Every structure is written in C-alpha cells, then in structure tokens.
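These features come from Swiss-Prot:
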BINDING   GLU9  Mg(2+) binding site
BINDING   HIS15, ASP167, GLY168, LYS169, SER235, GLY236, ARG237, PHE238, ASP246, ARG252, LYS253, ALA269, LYS273, LYS277  ATP binding site
BINDING   GLU43  K(+) binding site
BINDING   GLU56, GLN99, ASP246, LYS277  L-methionine binding site
Amino acid sequence: METFLFTSESVNEGHPDKLCDQISDAVLDACLEQDPDSKVACETCTKTNMVMVFGEITTKATVDYEKIVRDTCRSIGFISDDVGLDADKCKVLVNIEQQSPDIAQGVHGHFTKRPEDIGAGDQGHMFGYATDETPELMPLSHVLATKIGAKLTEVRKNGTCRWLRPDGKTQVTVEYYNDNGAMVPVRVHTVLISTQHDETVTNEEIARDLKEHVIKPIIPEKYLDDKTIFHLNPSGRFVIGGPDGDAGLTGRKIIIDTYGGWGAHGGGAFSGKDPTKVDRSGAYIVRQSAKSVVANGMARRALVQVSYAIGVPEPFSVFVDTYGTGLIPDKEILKIVKESFDFRPGMMTINLDLKRGGNGRFLKTAAYGHFGRDDPDFTWEVVKPLKWDKPQA
C-alpha cells in the first residue's frame, strides 16, 4: 500500500493573529445584534501593550469599541503583562470610518435593493471542501491540529495545567492512503505542540502534561503507534508570547480557518466581515454545498468553487471536482448543486441566517475553525438533502 504524509497546523485563541480575528468578529457581533443590516469591514492589529481596530463600518448600532477590545482580550486570558498583554492597561486605538459610498451604491444601493438584487461586496473566488475521512466531513490532519489547540485552552482555563499561558501552536502530520481519490487516514506520524508557559515549569513536566491531558484525550488510539513522533515545545522555552512576542493582524490564519491546506483557498479572510462580503458568505455556502454532496453519498470527497464580481448578484462561475470519487459525473453533480443552492449574496444571507449576530455567534468562528463544528449557529454546516438517482450496481 503506497502512502503519503500530509500536515496541517493550527493556533489557539491566544495567538496574536487569532486574538485580532476574535476582536474583529466581536465587533461584527455587536453591530449585527443591534442592526442586522450593518455593513462591517473591521480589521484589528496588535503589538506590545497596544490594540488597534480600524476599517469601515456603517451601522445604526451604538458600539463601544474599546470595551469590546478589552473584554475579548480578558476572556482569552490576557490579564497581565506577564502573559503578553494586559486587557485593562493596554492602549486601545480606534480608527473607524463609514463604508465608501461608491461601494454602497454598487452593492446594496444604499439599502434600497431587494435581497435577490444585492450584489457581491467585492470580486473574488471561494472554495468549499468536504471529505468522508471524519464524522465532521473534514480532513483528519486539520481536525486533530484544531482540537489539540482547543484542548490546550480548555486545560489552561479549567486549571488542569496551571503553567499554561494563552499563546500556542499545534501541527499534526497524518499518513494517508489514496483510495481512488478518497483520502483514508492510516496513522498519525507526528504531533507538534509549541505552547506558551510560565517560568516555573520544566520541559519534562510540559511534555508529560501535554501527552496526558492534551494529546491522549484528542487523538484516537488507533492512529497512534510506537513510531509516532512527538515534538513538545521543541524550542525549549516559550515564556514570552501573545502580542508581546509577535505582532498580530486580522486575516492571517486563513488556512487554519478552513481546511488545513486541503482543497483550495481563494485568499479572502473571514473575520470582521458582514455577509455582503462574499469572502465570508461565499465560502460558507460552498462548504455547505461540498458537505451536502458528500453527506448525500454522491461522492467521497468534493471541492466546490464559486466566483463573483463586485456589485453583481449572480456568480460568474460555479465549479465542482469530486477527485474521481463521484458516483455520477461531476457535470451532473454541478447541475444538482446549482439547482439546490442559491449563490446570490442576498439570498445566501437569508438562507444561512447570516445577519444574526450577538451571543458571540461570529466570535465563536474566529478560533478553532469555521467548518466542521457541531453548533446550531454554524448554519452552513447543515446538510441539505439533494435529489439524485444513484446508479444501479
């Protein structure tokens, strides 16, 4: 059996880039909660002792940007300079302006267009991906890297590993077998964790705790063997972290947000963007499309692409590739996808209920992945029944 290795990485919520994603989405939630028609393009950057939110927002909502920044930093665990940022003492800069009137007239006609006539907020192409290798219909390498990162945060916050600090990165290499286009995981080849820690803990304690409290609960035993390699804090020291260690910026973790390097990516980030931005809503609808193709048994693996022009409601193109795993030809699956999903931005917003903010809805997406999550707020994860005729054996 010929196999190959594939690697996916993740970062947890205390990573500076992810901190910025979460602040941008917390701002989006606050705007949509009060005004579902808010037009939001919110960016965040951070470095030592400073967070800045900037961008274009048109909303009727009354939003305390500084409070959102401090609350988000605090909830992640940035409560002192020792851990990389102090939520209560850091400088918060705000530079928010209104959406460009040129964009507004072209996209939503200054709020006068009907939903079916709302144009895409920008040009671009987005990809959705699904694979039958996990119950989530997501790549195993990505799922494991992401869940290990989430577990790191869990054992930090519940006090199991008191030496942990907010920043951290994970990486998992999986050995795969290609079964006529479908991906079959064989074993976990390598696990890498680099996590921020306090001054008191030894490298031996770090390795022991990570294996016992983080890796064992997440990676199924069937994927681990005596050849699995563990790199646990290989640099030897990771005390300085968060914005104190590295600058952070919204939208720099787009592969972690999606499929861990599998499928494809059009390059657009998600966080801080309202649903007229097809970077986000377009990526959500094609995830639902690809997932539905696989969940309905039409293929074991699927990639769906959609593309747009600014101000134009109808997509320029829709593309489907099942990597040779389809039970019917890809052109027939494409026809079913186009008949079953409405790719116009205004209609995607309605069908996926993307104007509903509040309750940390979009904030939840900004750490540990936008896809493969079992949460009713992730409406794009709902499988749509597709009508098709299964070929007779």
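Note: Cβ is positioned from N, Cα and C throughout, glycine not excepted.
The model shown is predicted, which means the values in this text are computed figures rather than measured ones.
Sequence features, as recorded in Swiss-Prot, placed on the structure.
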residue: HIS15; record: ATP binding site; DSSP (3 states): coil
residue: GLU43; record: K(+) binding site; DSSP (3 states): strand
residue: GLU56; record: L-methionine binding site; DSSP (3 states): strand
residue: GLN99; record: L-methionine binding site; DSSP (3 states): coil
residue: SER235; record: ATP binding site; DSSP (3 states): coil
residue: ASP246; record: ATP binding site; DSSP (3 states): coil
residue: LYS253; record: ATP binding site; DSSP (3 states): coil
residue: LYS273; record: ATP binding site; DSSP (3 states): strand
Fewest Cβ neighbours within 10 Å, where candidates are the binding-site residues GLU9, GLU43, ASP246: ASP246
Under 8 Å by Cβ from LYS277 (L-methionine binding site), counting only residues of that chain that are 6 or more apart: ALA41, GLY121, ASP122, GLY268
Neighbour tally for GLU56 (L-methionine binding site), based on other Cβ positions within 10 Å of its Cβ: 16
Cβ-Cβ distance under 8 Å to SER235 (ATP binding site), same chain, at least six residues away: SER194
Rounded Cα-Cα span from GLU43 (K(+) binding site) to ASP246 (ATP binding site), Å: 17
Neighbours of GLU56 (L-methionine binding site) among the binding-site residues GLU9, HIS15, GLY168, ARG237, LYS253 (Cα to Cα, within 10 Å): none
Local Cβ density at LYS273 (ATP binding site) - other Cβ atoms counted within 10 Å: 27
Cβ-Cβ neighbours of GLN99 (L-methionine binding site) (radius 10 Å): 22
When distances run from the Cα of GLU9 (Mg(2+) binding site) to each of the binding-site residues HIS15, GLU43, GLN99, ARG237, the nearest one: HIS15
Lowest local Cβ density among HIS15, ARG237, LYS253, which the record lists as binding-site residues, within 10 Å: ARG237
The residue listed as 'Mg(2+) binding site' in three-state DSSP notation: strand
Local Cβ density at GLY168 (ATP binding site) - other Cβ atoms counted within 10 Å: 27
